[in-house]
């Protein structure tokens, strides 16, 4: 039961190996092979992906990452008849962000905790499963859930990253290990924290598997590495932040970092100890037209610009798109979208290429909707800024310089320089995050899963003091994120919004939008049937008219959806599939406030639809979550303030601001361990639940500080118990976190 609570179930399905089902697998492949043969998929096959429209061979279906499929068996006229064809329960009830690949009727899906599954795409039958056995204590090395966004396929092998930093190649037919490498170089200059995780999908370009990493919230120096797809040997590496001593790393990035980037940093800021950030945790794109690899580069480490770089310089290559040669990793060009970043405005969001008519000529461009709220059009071959316009409301900048694309800052938004709080829109979660956008060549529109989640930026008082195994942002963790007063919280809740924004890139203007109940919804798929598919945080899966946003179909998936759908052919029939499971930093940190998007209890699955689906409805499940347990009546009020400080420093990022959970991980107010000092210390201090992702913290806090947290939790349980009990009596379920 405890393992299920922490979203990592130890079950029979978790123990399946390639060997136990090899015979079934081989017979299954014999029946699934088709004329749409992609089993030998390499770069040429992916370049000509539209010759194999029934497959989904790479992360964005094509190298352009447009997430458009020409399939049109399912279209506007018949999508209302869509039915559930099959579902497959997963063994991790946490956030699922993966894009499944589908090659000749076989689906390859990565799930939370870096597991890989091969599934019969027509029936949902599990063919093989691979568990890389990521250690449970790695969970607290990442900011934003133990998610995995997908895999890559090349020449009969499937590749994926693991949360503990490995890159793994498996035989696609058998699921057997071909090779495994550690992507984090032990000898490199990476900062004191060296807190790295891998949750993004690798990309393959010219026989090289390219993967990045995350970790800037703790302390990391960003880089990507290209590995030989056949052998796993390192081909090249490119760092996205300078060496703190401006010395060579003996990598492809040495020249540009030493001669161009280093000069944009203070030589003595905290970045020299923390790594500087700039991790590439999502978007890596190969463009065969320009023959370039594009990197979307992340935020600074620490976030605080004054502490990080003494308030000096643009800090290359933070918040940038960087173009490299695929064979060598040699730098070609860069465009920095957010100089002087202090808002966590990453540029790792999906990079898309397309051919766009501009001023009477067709240009090959990058279109990009990063966190900072602006929609950029950039020349894909040269990095020249063409145009930019905000696709959501922003208050940190009044616009972009029309010639250079540099932001025109609101002086008040430079909170690390003013020393004053800043209520930023968008906040750190961005106007657009990891949820994939799509483009339809039929409508000419880009469809952005946009959102508004403000953030209260407050400087850390007394200078920057990093903590091991904790977020090191240079901000006051007791005040950031969510306002304290009831009135401010009411206003904050009203500011939580989510939409599909249909954006016309030629006009740099919104065409129309679809309003959602709140933010943190799933990615978008566009199809030749003039449809958009998207799952929502409230557990509904929708199909919309791509021309005007009309809602044409919806299905109750019972759990929030943050992953993007895919579509494919199996036995000549079109299917639409998506991974189901809500998670990530929004419900982790915002906790009770995240419930405004709609309450669901996680039951992670893959679900697939067809026009003649016969699976029937999903099994009914508990929709109220764990019932509150009446807490102990007594607590030491003298200890709760320090308990709050320790909780916000070490616990809130997973268990919710002010100790209110959103249903993904345990809500500690109702944990039985808070009733007993020894039991609580065994979990928090000694790591009794390390195998399930709850690491030990006796190296970070002493027993007195851990007990202070327990006293704080008892206080919060008493303050909120009756409200939570009453809420479960209401038809609307559990309310948002409000006094």
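Glycine too: its Cβ is placed from the backbone N, Cα and C atoms.
Features as listed in Swiss-Prot:
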type	residues	note
ACT_SITE	344	active site, proton acceptor
BINDING	97, 149, 279, 371, 585	pyrroloquinoline quinone binding site
BINDING	217, 299, 344	Ca(2+) binding site
BINDING	651, 654, 655, 694	heme c binding site
DISULFID	143-144	disulfide bond
DOMAIN	635-739	domain 'Cytochrome c'
SIGNAL	1-35	signal peptide
Nearest to residue 97 (pyrroloquinoline quinone binding site) by Cα, among 143, 217, 299, 655, 694 (recorded positions)?
143
Whole-Å Cα distance, residue 299 (Ca(2+) binding site) to the residue listed as 'active site, proton acceptor', is 5
Around residue 144 (disulfide bond), how many other C-beta atoms are within 10 angstroms of its C-beta?
23
Taken over the domain 'Cytochrome c' (635-739), the model's mean pLDDT
84
Report the residues of the chain - excluding 217, 299, 344 - with C-beta within 8 Å of the mean position of the site's C-beta atoms, for the recorded Ca(2+) site, in sequence order.
143, 216, 277, 298, 300, 301, 303, 346, 428, 473
Same-chain neighbours of the heme c site, Cβ within 8 Å of the mean position of the Cβ atoms of 651, 654, 655, 694 and not counting those residues, run in sequence order as 140, 650, 652, 653, 665, 666, 668
Entries of 143, 585, 651, 654, 694 which, being recorded positions, have CA atoms within 10 angstroms of residue 344 (active site, proton acceptor)
none
Spatial neighbours of residue 585 (pyrroloquinoline quinone binding site) among the recorded positions 143, 144, 217, 651, 654, 694, defined as Cα within 10 A: which are they?
143, 144, 654
What's the CA-CA gap between residue 144 (disulfide bond) and residue 654 (heme c binding site) in angstrom, rounded?
8
For a quick check of understanding: among the binding-site residues 149, 371, 655, which residue's Cβ has the most other Cβ atoms within 10 Å?
371
Cα-nearest neighbour of residue 651 (heme c binding site) within the listed recorded positions, 143, 149, 279, 371:
143
